[in-house]
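S.K.: After the structure tokens below, expect a handful of questions from me.
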């Protein structure tokens, strides 16, 4: 008889393998799945494994031409989610050979491709990925990483300070450059193009690059510190994006910027390679992330997007504030902040980390805290994020009653006061307000900032809970 038997058979017969021992080279995924009523968890988990690897809805003749055992994804464990009805965490192991080397794009096309539209599931969310060292090693990763960046900037022992230039749309290039200069002159390390500033009719990219470069050099000369402005190279085509990055390099500026989700992983990886070859730092903005990661039971958790960015390449990435106006629950945020910075991260379910991740020697990424933060948040930010971070105050700099430069001074004084207090062994969590008040006695700029923002809070419950 012929070995081929046509017809539809249950996924779980082939793809649910509870006895499977995961290999060190497997990519492991944790999915939060909500099956349709009446679909057993094992069948749903097996369906996820099948549809994101070798399976299709019916047996096909060509299955006989390959070795399914070698190439199939396997659902090897299923656990119910506490407190949720009919929701499970399904663990899936993928053989390494299913993925193209050095391609985040291909990895995502497989793991989070068609399977998310699968009818037997009401919802599906990718909670975490374990990237094996064998696969990590096929990626260049961040152009420079944390240590090289500090050496380039000659700034040690404290978080870096930034500011997004507002209003985000509508300024002319010359006025934009002026705002950049004032912020850098006041004491910030970086200023930033807003993520939606690309090359619009009111300010074409080349004009902006030129005026910002002038601002950087003038501020450097006057302060004796290295300064940078994240020049947004994001564009409608990869070629245009590269053209902008090349122009930035010709101006001799230290850093460019990219919106990695709207620009796409392929473009981002190309830009990251260019940045390493040409000594440019790369700042990454995560515009569009909340579309993908904010729903609790469908989509992709940001920790996965953060891991993907570390593989694709970026030296800074926005990662929530814990205290400002945007999403972020403390333990979970710190979980993916560590995934960005550290070489080795232990599995820790209380922080949402489903797998131990070994990055081997892939450089780290600086997390950027940005969004609704001001001087009163400085002690908490210094405490939560530590030295290896970038703290960005947009409105918290430009909204200062006396102008941009005094706003920058206020932030820098607050930061230096917090770092000094921490180094003296004081507890920033309990003494934070006192530390800021004390510092404001000898800094009128800080005193004015303290007055303006003394009552501002963004108190809503976080959605990103376990």
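From the backbone N, Cα and C atoms, a Cβ is placed for every residue, glycine too.
Below are the features I grabbed from Swiss-Prot:
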type	residues	note
MOD_RES	5	N6,N6,N6-trimethyllysine
MOD_RES	192	N6-carboxylysine
BINDING	192, 194, 195	Mg(2+) binding site
SITE	325	site 'Transition state stabilizer'
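I'd like these features described in context: how deep, what's nearby, how far apart.
M.R.: DSSP classifies residue 5 (N6,N6,N6-trimethyllysine) as coil under the three-state reduction.
In sequence order, 162, 163, 164, 165, 229, 230, 257, 283, 392, 394 are the residues of the chain that are 6 or more apart from residue 192 (N6-carboxylysine) and have a CB within less than 8 Å of its CB.
Neighbour density for residue 194 (Mg(2+) binding site): within 10 A of its CB lie 18 other CB atoms from the protein chains shown. Under the DSSP three-state reduction, residue 194 (Mg(2+) binding site) is assigned to coil, being neither helix nor strand.
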S.K.: Residues near the Mg(2+) site, 192, 194, 195 excluded, by Cβ within 8 Å of the Cβ center?
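M.R.: Near the Mg(2+) site, beyond 192, 194, 195, sit 164, 165, 168, 193, 196, 197, 230, 232, 257, 285.
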S.K.: Sort out the sequence-distant neighbours of residue 5 (N6,N6,N6-trimethyllysine) for me: same chain, 6+ apart, CB within less than 8 Å of its CB, listed by position.
M.R.: 59
